[in-house]
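Colleague: Structure incoming, see below.
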Amino acid sequence: MHELSIARSIIGAVHEEASRQGATSVLELELVVGPLSGVEIPSLEFGLQVLSRGSVLEHAALHITSPKAEGRCLDCATCFGLEFHYAECPSCGSFRTEVLSGRELKISSIVIE
Amino acid sequence: MCDTCGCSSEGGAVLRRPGSEGWHVHLHDGNHGHHHHEHDGHGHHNHHDAHDHHGHQHDTREGQRVVMEQDVLLQNNLLAERNRGWFEGRGVLALNLLSSPGSGKTTLLEKTIPWLGDDCPAAVIEGDQQTMRDAERIDALGVPVIQVNTGTGCHLDAAMVGRAAKEMELPCGAVLFIENVGNLVCPALFDLGEAMKIVIISVTEGDDKPLKYPTMFQEADICILNKTDLLPYVAFDVERCKENAMKVNHRLGWFEVSAATGEGMEAWIAWLHQQIRAQKA
């Protein structure tokens, strides 16, 4: 359940930014969590829900976007969609894949008042 | 409440040292608070950068949108980079050892450390949710060791390792083995400032493990297959396991050992000596 520590980091970072902006509460929190980030979105949602009680984030609406994972074959340079860290190149069958996207784990924005 | 010092420390990690009864350090869950303190300068700098680049405040009807574009693991990653610099400055080779519980990490260290020889000082940070058992086994070898009890935590983080490293007598040029909490999922995400991640699996676990836990194998630099002495008794296909591991991470280095019998240990020790020399140079 590393999602709990991740939720705690998110709340800490948002709290810091909200205080800097002089905000009294956060209305929305927008996260980007890639399918290869190693984070389970339902567990993260649960962690945020539990840990945000009593914080500036208590009433924030949570928006999580999960971009598509993409990889490039290191043998023939074909780009293709990934479901896991490993995949067979649809063009040449190689498993030597470079992950181009899908590992994102970031706070993209907040709406404050 | 801590039954040694009476302070309230629910949930936070605790450092302990064999032979120093009563000595302990609490990393309060303000643990994360600490990061914020220590890194206030950096944190602000980053945010301001982001502000400047994005010019990023947009008023919406209901409030004001602030673009952050901040890596969730930023605080841990900053601390990890600090640890990395601290290790490099001392010529210390820090290795993060990761595996499921029971793959033989501590036994591998018990075998490896004496084999390294007197001219290769070693030290160990042991991560477990509870008990000093592993630290006591390492202490019996006569090398510096700190136990980090993570309590409910399922992984070590950079703050725990930074503090533990500073609480131990770590000789320059040493190899520091960081034995992470036995868990093939969570520790993969947390950079500790190590030079390399080493994942250990044993032949009693199943040769499809790399496919089932790809994040860990993707993050690792080296894979050690342990307990090879048990191969005659289990249905484990070494070649298939290696093939599965290489599918997930084609850069992965590979060793096959039995820490119990010493089989295959020469290649692992020779590789370690080579890495230690490179780190000192």
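Keep in mind that glycine also has a Cβ here, set from the backbone N, Cα and C atoms.
Per TrEMBL, Ni(2+) binding site is recorded for A:HIS2. Here TrEMBL flags A:CYS73, A:CYS76, A:CYS89, A:CYS92 as Zn(2+) binding site.
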Colleague: Quick check: with A:CYS73, A:CYS76, A:CYS89, A:CYS92 left out, which same-chain residues have Cβ atoms within 8 Å of the centroid of the Zn(2+) site Cβ atoms?
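Modeller: Other same-chain residues with Cβ inside the cutoff are A:LEU74, A:ASP75, A:ALA77, A:THR78, A:PRO90, A:SER91, A:GLY93, A:SER94, A:ARG96.
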Colleague: Sort out the sequence-distant neighbours of A:CYS76 (Zn(2+) binding site) for me: same chain, 6+ apart, CB within less than 8 Å of its CB, listed by position.
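Modeller: Set apart from A:CYS76 (Zn(2+) binding site) by at least 6 residues yet with Cβ under 8 Å, we have A:CYS89, A:SER91, A:CYS92, A:SER94.
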Colleague: Select from A:HIS2, A:CYS76, A:CYS89 the binding-site residues whose C-beta atom falls under 8 Å of at least one C-beta in chain B, and return them in sequence order or as 'none'.
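Modeller: The answer, in sequence order, is A:HIS2.
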Colleague: Check the DSSP secondary structure of the residue listed as 'Ni(2+) binding site', expressed as helix, strand or coil.
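Modeller: In the DSSP reduction, the residue listed as 'Ni(2+) binding site' maps to helix.
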Colleague: In this structure, which of the binding-site residues A:CYS73, A:CYS89, A:CYS92 has the fewest other Cβ atoms within 10 Å of its Cβ?
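Modeller: Taking A:CYS73, A:CYS89, A:CYS92 as the binding-site residues, the minimal 10 Å Cβ count falls on A:CYS92.
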Colleague: Looking only at Cβ atoms, how many others are within 10 Å of the one on the residue listed as 'Ni(2+) binding site'?
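Modeller: If we count other Cβ atoms within 10 Å of the residue listed as 'Ni(2+) binding site', we arrive at 23.
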Colleague: Give the three-state DSSP assignment (helix, strand or coil) for A:CYS73 (Zn(2+) binding site).
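Modeller: SS state of A:CYS73 (Zn(2+) binding site) = strand.
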Colleague: Hey, does DSSP put A:CYS92 (Zn(2+) binding site) in a helix, a strand, or just coil?
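Modeller: DSSP call for A:CYS92 (Zn(2+) binding site): coil, neither helix nor strand.
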Colleague: Sorry to bug you, but what's the C-alpha spacing from A:CYS73 (Zn(2+) binding site) to A:HIS2 (Ni(2+) binding site), rounded to the closest Å?
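Modeller: Cα-Cα, rounded: 31 Å.
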